[in-house]
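S.K.: The structure that follows is given in the form of C-alpha cells.
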C-alpha cells in the first residue's frame, strides 16, 4: 500500500465528512425556509443574507448553553447515546459512489471511499445500529417519557427495517449485485431503476421516512403525548447532536435513494460528455447532478413534513406490518416471474 | 509483530473482557450493552479473516436485530434483583450439567485444533456473495432448505403463541 493511496483516501474521507456536516447544517436552515414558504411566512432573515448565517448562530447558541445532567445513575451511557447517533449517521457515506473517477496528478482517483461488494448490506447494518443511540439515550435519561419515546422510535424503526430489506431484495434480484458502484454503472443513460421498479421505490421511500423518524412517522417526538420524545432530558450540544444526526441521516438517505433508484451520478448524455469534454469535466457535472438529485429528495422530505399530519401509532404499525411487508413480498414474486419469464414459458410449453 | 497479530490481540482482549462483563455486571441493561460490544468484536474477527459478508450479516442479525429486541424486553420488564424469580434446584442442576457438557465439547475442539501460524493470502475467492450463494444453493442445498423450514416453523410458533394470549382475554 503506497502512501499516496492513503493520502488520497484520507483527503477524500475528510471532504465527504465536511460535506455531510455542511449539508446537515444547511438542511436546518432549508427546513425553516421551506416551512416558511409553505406556510406563507418569511422564515429566518436576520443573520446574514436570507438568514444564511442562522445555522452558525444556532450552533453557537447550543454550544454556549448549560450542560444539564438529569439525576441518572448512568451518566456515561447518557453521553454515549448522542455520540452513537451521530457516528452511525456519518458512517454510511463510506460506501457511496459520489462520481465515477477524476484524472488528477497523473492518476485516476475513484470518487468513493471504499468499493466493497456488499455495500447495500453495509448500509443496512449501519441503519440497524442507529436504533442504539436512541434506545441507550432514552433509557439512560431515567425518565419514563424518554423511555417511552425511545421504545416507540425503536419499535417503529425495527418494524420498517423489515419492509425496507424486503423491498431491496427485489432490486438486487434485478441488478444482480450489492455493490453501489456497479448499481450506479448499470443505470447509465436513462436505465434508472425507478423506471423498472416503481413499487420498490415507493416502499423504500415510505420506509426511509419511518427510519428517519420524521413526519408522518414522527411519533417518537409526539409533543402532546411524550413531551419531547427520547431527547426530553438532553440539553446543549448533546441535544444538538441528536437533531444534527437526524439531518445527517436525511442527507444520507436522500443520497442512497438517488444512487439506488435515480441513476446516482449519471445524467443524460454523460458518455457524450466523457468523450467530448474530458473525464474531469464530465464527472464534475456528474457530481453536480447527484447533488441536484439529493437536494430534490431533501426538499421532498421537508415538503411531506409540512403537508401530511402524523399517523396514529396503531395506524403506523398496521401500515408497516399488514400493508408494506405483504406488498414487498408480492413485489419480489412479480420481479422473480419477470426475470424468469422465458424459462417459465418454456416450462409451460409455450 | 505484524499488524494483523496486534489487531487480533486487541480484538480478542475486547471480546473476552466484554464477555466476562456480560456475565458479571449487576444491571441487566449493562450486560446487554456489553454483549453488543462483544458481538462487534467478533464481527471484527470475521473481518480479519476476510469474511466480509459474514461480518456484516453478523452485525445485522445479532447486533441490529436480536440484541435490540432483547434490550426492548429488558427495558420494558424493568428487572430488579428484588423480584428475581427463585430458581428451583432441578434447573440449577440442569444448568451445571449442560455447562459441563459444553466444556467437554470445547476441550475436545481445543485439543484437536491446530494453531494458525500466519494468515496466508492465497488469492482465491472464498467469501464473496457470489461464491457463498453458489455453495449454499448447490452443495448445501438440503441443509439450507431445512434451516429455512426450521425458521418458518419457529415463526409460525411465535405467531400462534401471541394469538393464544389474545384469545384468553
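Don't overthink the numbers, they just go from 1 along the chain as shown.
Cβ atoms are placed via backbone N, Cα and C, with glycine included.
The shown structure was predicted, so the numbers you read here are calculated from the model rather than taken from an experiment.
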S.K.: Quick one: sort out which of A:43-63, A:190-210 is the transmembrane segment according to TrEMBL.
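M.R.: Comparing A:43-63, A:190-210 with TrEMBL, transmembrane segment matches A:190-210.
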S.K.: Counting only residues 6 or more past its boundaries, what in the same chain has a CB within less than 8 Å of a CB in the transmembrane segment (A:12-29)?
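M.R.: For the transmembrane segment (A:12-29), the sequence-distant neighbours (Cβ-Cβ under 8 Å, at least 6 residues beyond its ends) are 44, 51-52, 54-56, 58-59, 89-90, 93-94, 98, 109, 111, 113, 243-244, 247-248, 250-252, 294, 298.
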S.K.: If you count Cβ pairs under 8 Å, which stretch among A:76-99, A:119-140, A:160-178, A:241-265, A:285-307 touches the transmembrane segment (A:319-340) the most?
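M.R.: Per the Cβ count, the answer is A:160-178.
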S.K.: Out of A:119-140, A:160-178, A:190-210, which stretch touches the transmembrane segment (A:76-99) the most, going by CB pairs under 8 Å?
M.R.: A:119-140
S.K.: Using a Cβ cut-off under 8 Å, which residues of the same chain at least 6 positions beyond either end of the transmembrane segment (A:190-210) come close to it?
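M.R.: The answer is 156-157, 159-161, 163-164, 166-168, 170-171, 174-175, 183, 216-217, 253, 256-257, 260-263, 266, 268, 301, 304, 316, 319-320, 324, 327-328, 331, 334-335.
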S.K.: What residues elsewhere in the chain lie close to the transmembrane segment (A:241-265), defined as a C-beta under 8 angstroms and at least 6 residues from its ends?
M.R.: 20-21, 23-25, 27-28, 31, 81-83, 85-86, 88-90, 92-93, 96-100, 111, 120, 123, 130, 133, 137, 168, 171, 180, 183-184, 187-188, 190-194, 197, 200-201, 204-205, 208, 211-214, 230-231, 234, 283, 286-287, 289-290, 293-295, 297-298, 301
